Amino acid sequence: MNERLQYSHLMNYITKHNRKLSKTYTWNDDSQRVSATGFSNQRLRWSNKTSICLILSTLDNKFIACSRKHSFLYSEIVRCRSVFRKKRLFLTYTRFLKKKERPFLSSKLNVPLDDPGTEHNDIIFPGGLPKNEEDPIMCLSREIKEEINIDSKDIYIDSRFFVHLFIEDLLSNRVYETILFLGNTTLTSNEILNNFLANREIKSLVFLDALEKGLMCDVLRYVLAISQLKCFGSTGDKTELLYDKVTESEKKMAPRYGFD
């Protein structure tokens, strides 16, 4: 494992206070390397820099993923302050940008672009960063409603375990941490598509099959395998309505933040 990953305070805490369910598995593609470790959910810790995400299965046995409105590389180039680094990322990794992003950045950076190339899409599982007053369950409920327009009353979550991910962006050389849960919805993929509204983060939905190839499906299969294990010592349950979990979390957080 990359030396930088060994100094994660979050991972050190999780390993100390939660029973590990498997060894760490690592997969990679041209743009990222992902290391996954499953834990029994005994004493979860999180921060507002750690993404909380959900692998969500539909009533017709598909798994929901999201196609980002902007590529990760575009977001990195826009955020970066160094003009030299902006140009280097653009020239070196142009194919990891969306087609419409390439001419825009070419003009913005004053760098010629001869061939717009093929389309590129970054696919993610729904979720995001928790706000200061949120725990992971509250974060999931809000993010899933915002991103894919599914209400917490239509989602059941398996809170017996969670999977910790190290995501190494091989283009920007950044490392991100994610806590991943598993759940299911009472809606079909067609119902979800009909209710979905494109937003500032998500362009469209993608429905995955567990047998497909690719890094996302490697992670998906790992999480499904972990869900078959006995999560001894866990404080969670195999099937809990997300709405009820959120209500429970809000009551626990109320004294801390002074909610009414």
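Note: Cβ is positioned from N, Cα and C throughout, glycine not excepted.
What Swiss-Prot records for this protein:
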type: ACT_SITE; residues: Glu143; note: active site, nucleophile
type: BINDING; residues: Glu134, Asp169; note: Mg(2+) binding site
type: BINDING; residues: Glu147; note: Mn(2+) binding site
type: DOMAIN; residues: 46-230; note: domain 'Nudix hydrolase'
type: MOTIF; residues: 128-149; note: motif 'Nudix box'
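Feature map: Swiss-Prot annotations on the structure.
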residue : record                   : Cβ contacts under 8 Å, 6 or more apart
Glu134  : Mg(2+) binding site      : Arg142, Met253
Glu143  : active site, nucleophile : Ile52, Pro126, Gly127, Gly128
Glu147  : Mn(2+) binding site      : Cys66, Pro126, Gly127, Gly128, Asn199, Glu201, Ile202
Asp169  : Mg(2+) binding site      : Ser31, Gln32, Phe72, Glu76, Val175, Tyr176
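Taking DSSP states H, G and I as helix and E and B as strand, the motif 'Nudix box' (128-149) has 13 helix, 1 strand, 8 coil.
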